[in-house]
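Summarising the annotation, Swiss-Prot assigns N-acetylalanine to Ala2. Summarising the annotation, Swiss-Prot assigns N6-acetyllysine to Lys11, Lys14. The feature phosphotyrosine is assigned by Swiss-Prot to Tyr104, with similarity to another entry given as support. Feature annotation from Swiss-Prot assigns domain 'GS catalytic' to 113-373. Under the heading Mn(2+) 1 binding site, Swiss-Prot lists Glu134, His253, Glu338, citing similarity to another entry as support. Swiss-Prot lists Glu136, Glu196, Glu203 with the feature Mn(2+) 2 binding site, giving similarity to another entry as the kind of evidence. If you look up Swiss-Prot, you'll see Asn246, Trp247, Arg319, Arg340 marked as L-glutamate binding site, on the strength of similarity to another entry. Swiss-Prot lists Tyr336, Phe337, Glu338 with the feature ADP binding site, giving similarity to another entry as the kind of evidence. Here Swiss-Prot flags Ser343 as phosphoserine.
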Amino acid sequence: MATSASSHLNKGIKQVYMSLPQGEKVQAMYIWIDGTGEGLRCKTRTLDSEPKCIEELPEWNFDGSSTFQSEGSNSDMYLVPAAMFRDPFRKDPNKLVFCEVFKYNRKPAETNLRHTCKRIMDMVSNQHPWFGMEQEYTLMGTDGHPFGWPSNGFPGPQGPYYCGVGADKAYGRDIVEAHYRACLYAGIKIGGTNAEVMPAQWEFQIGPCEGIDMGDHLWVARFILHRVCEDFGVIATFDPKPIPGNWNGAGCHTNFSTKAMREENGLKYIEEAIEKLSKRHQYHIRAYDPKGGLDNTRRLTGFHETSNINDFSAGVANRGASIRIPRTGGQEKKGYFEDRRPSANCDPFAVTEALIRTCLLNETGDEPFQYKN
């Protein structure tokens, strides 16, 4: 399995320089989503002092013609800070800054789905929507070969790898542990992690997060994972079906509740939400991967713990359904439900916005409603 050339550089030499004092100056790494809707970009600027809140961070710009976001003749795009975290790579007082992207005319870029998501979340803030997203991913070599897999064959069939322990069952735990600790340091609401069903496949959970925080925290957790993998010389892919055949795909199961669902007899509101979702299946399928459902076509086959992409289904503790109600929720008559349809490479802003539109704003039909400002 191939690893990157950069990972073979002497990290001890780098540490000599990273341990130098930086005075009062602060490095702020600005992060944004590029024109693919999946890729992340970043660049760093120096600040004169440590910012205490997002309002203290300046706007910036970048060349959108190099990120699939504009033409060269009018390429400047604006970076508007939206969320700030501690930097686990450069450490305090340095920052990671997640940004929204705006075009030259100050309109949101096509892949800036945070902008409308924030408006929708503000409309239902009194219902306190909580989300938790289960991000699955697969570790690969730079040659595209799954991490730890035999070079000329396949590992043993699925079965022993889920939550597995041992060198023959857990592939790449060092990366998982490094990512987990880096997220905790950064202030990401990471809930846990586990090895998944396919060897070299892992999962981390983000949440519970209220409203717009869900997308901010998951995107920055993804960024941190990519940076950790960069240090180890490997790749983390969010492809929903990285290996064809009898291997599990990768999803981003999304858990959702409102204040009413979490309180006594909240199961009534959970069931009402599921009924609304059942009538808007195709709208959600289009929102749940960046290619309008094409990526999920490879994953949602009705096999490997998935539902069929063409059918809506729901059930208690049923991992072959579109929507799963956890057994505890069925017993306690309150809690949350899990939408198992989002793909691993989904945009969490698109997913959470779609859930709010259908379940709380009572939208119907195949298109989102256009609200007036």
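Any Cβ shown, glycine's included, is placed from N, Cα and C.
Model confidence over the domain 'GS catalytic' (113-373) stands at 96, taken as the mean pLDDT rounded to a whole number.
Checked against Glu136 (Mn(2+) 2 binding site), the recorded positions Ala2, His253, Arg319 differ in C-alpha distance, with His253 being the nearest.
Comparing CA positions across the binding-site residues Glu134, Glu196, Arg319, the one lying closest to the residue listed as 'N-acetylalanine' turns out to be Glu196. Across the recorded positions listed here (Tyr104, Trp247, Tyr336, Phe337), the residue whose Cβ sits among the most other Cβ atoms within 10 Å is Phe337. Listed in chain order, the residues near the Mn(2+) 2 site other than Glu136, Glu196, Glu203 are Glu134, Gln135, Tyr137, Asn194, Ala195, Val197, Gln201, Trp202, Phe204, Ala250, Gly251, Ala344, each with its Cβ within 8 Å of the site Cβ centroid. A simple way to gauge crowding: the CB of His253 (Mn(2+) 1 binding site) has 20 other CB atoms within 10 angstroms, across all the protein chains here. The most densely surrounded of the recorded positions Lys11, Arg319, Arg340, judged by C-beta neighbours within 10 angstroms, is Arg340. The Mn(2+) 1 site is defined by Glu134, His253, Glu338, and by the 8 Å test on Cβ atoms against their centroid, the other residues of the chain that qualify are Gly132, Met133, Gly251, Cys252, Thr254, Asn255, Arg324, Asp339, Arg340. Counting in whole angstrom, Lys11 (N6-acetyllysine) lies 40 from Arg340 (L-glutamate binding site) by their C-alpha atoms. Compared over the recorded positions Lys14, Glu203, Asn246, the count of CB atoms lying within 10 A of a residue's CB peaks at Glu203.
Excluding Tyr336, Phe337, Glu338, which define the ADP site, the same chain contributes Asn255, Phe256, Ser257, Ile270, Ile323, Arg324, Ile325, Pro326, Gly329, Gly335, Asp339 within 8 Å (Cβ to the Cβ centroid), listed in sequence order.
Glu338 (Mn(2+) 1 binding site): 19 other CB atoms within 10 A of its CB, across all protein chains.
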